[in-house]
Amino acid sequence: MEQQPKMVTGWAARDANGLLSPFSYPLRAKGDEDVVVKILFCGICHSDLSTIKNEWGNAKYPVVPGHEIVGVVAEVGSSVARFAAGDTVGVGYIASTCRACANCRDGFENYCAGLVPSFNAALPDGATVHGGFSELAVVNQRYVVRIPGGGGGASPAPLDRLAPLLCAGVTVYCPMRRLGLDRPGVHLGVAGLGGLGHLAVKFGKAFGVKVTVISTSPWKEAEAVERLGADAFLLSTNAEQMKAAAGTMDGIIDTVSAVHDLTPLITLLRTHGQLVPVGSPGKPVQLALYPLQSDGKSVAGSMIGGMRDTQEMVDFAVEHGVAAEVEVIGMEDVNGAMERLQKGDVRYRFVIDVANTMARAR
């Protein structure tokens, strides 16, 4: 007799109003290389909000979002050697890649043309991929990272604060590493102080670099310097401050997701300095070319990170005490959290306590 698929509960959006509610669906059958993860916590990324509201026109309803997952291994497939039941693990944005292209071979799976996200997607065999707003996830072992510190949830940092590292953390960590903005003596600018920006500050200080936060909000100065440990704060609407800081930064991680002119940030860079936009404005941004050309400056793209880099980032974060500032919510509060996220009313990342609240939210 054919075995019936296990039914699990997640929270899904059914249409572009983005309202999430309980959704029962069959868990994908475990393959030989798969890990079954009991989800403990899942962060909420702005791309989750954009997807459930179909802002990018690619929503495949019903959508179970979530790609900042921390959990415990419940089962492993017969060919899995890297993980065992009880291991604490993380799952980020990647569910599958081609494994054959140059990017995959070089550890840059995040740039594979065949990348399948860990939510709102389908695997090459047609199986639907649901995200982390759910009880369980089945993930190929290649796209799972180990959370150091022991099994069953033991870790040097609370697991809820590690969940956002699986997307937001690796998004800012990778370009800092790749472009040499992780060395003592470097002056790093961080534009924007939200979910991505506050982690860029934390990683920068863990690397031992000088960090200046650049923001349009004067009230964020105390937050940046006193709470997060930034060395300086630059109010981008203050012409005198911007002029005084011109040509002083080796690189800038631009986390701003709203449409904005990049030229003022370019003026802050030293010769051969690099601007890395990691926010995702919905429309084209403005950039004057001459300030780039006149001093050999550049704009560098970056998107999340490959699996090798993601594991390295998690290991570094745990060793150096880098963790997100979070507001933990129950699954039943997720729609209110999405509304607040739309308004920018979060400091700095929402994380759902999936394991302890899913049952009561059904």
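Using the three backbone atoms N, Cα and C, a Cβ is placed for every residue, glycine included.
According to Swiss-Prot, the residue from Cys167, Cys174 that belongs to the Zn(2+) 1 site alongside Cys45, His67, Glu68 is Cys167.
Listed in sequence order, the residues Cys42, Gly43, Ile44, Ser47, Asp48, Gly66, Ile69, Gly92, Tyr93, Gly132, Pro164, Leu166, Ala168 complete the 8 Å Cβ shell around the Zn(2+) 1 site centroid, once Cys45, His67, Glu68, Cys167 themselves are left out. Listed binding-site residues near Ile304 (NADP(+) binding site): none (candidates Cys45, Glu68, Cys98, Cys101, Cys104; Cα-Cα distance within 10 Å). For Glu68 (Zn(2+) 1 binding site), the number of other Cβ atoms no farther than 10 Å from its own Cβ, over all displayed protein chains, is 32. Other Cβ atoms within 10 Å of the Cβ of Ser47 (NADP(+) binding site) number 19 in total over all chains.
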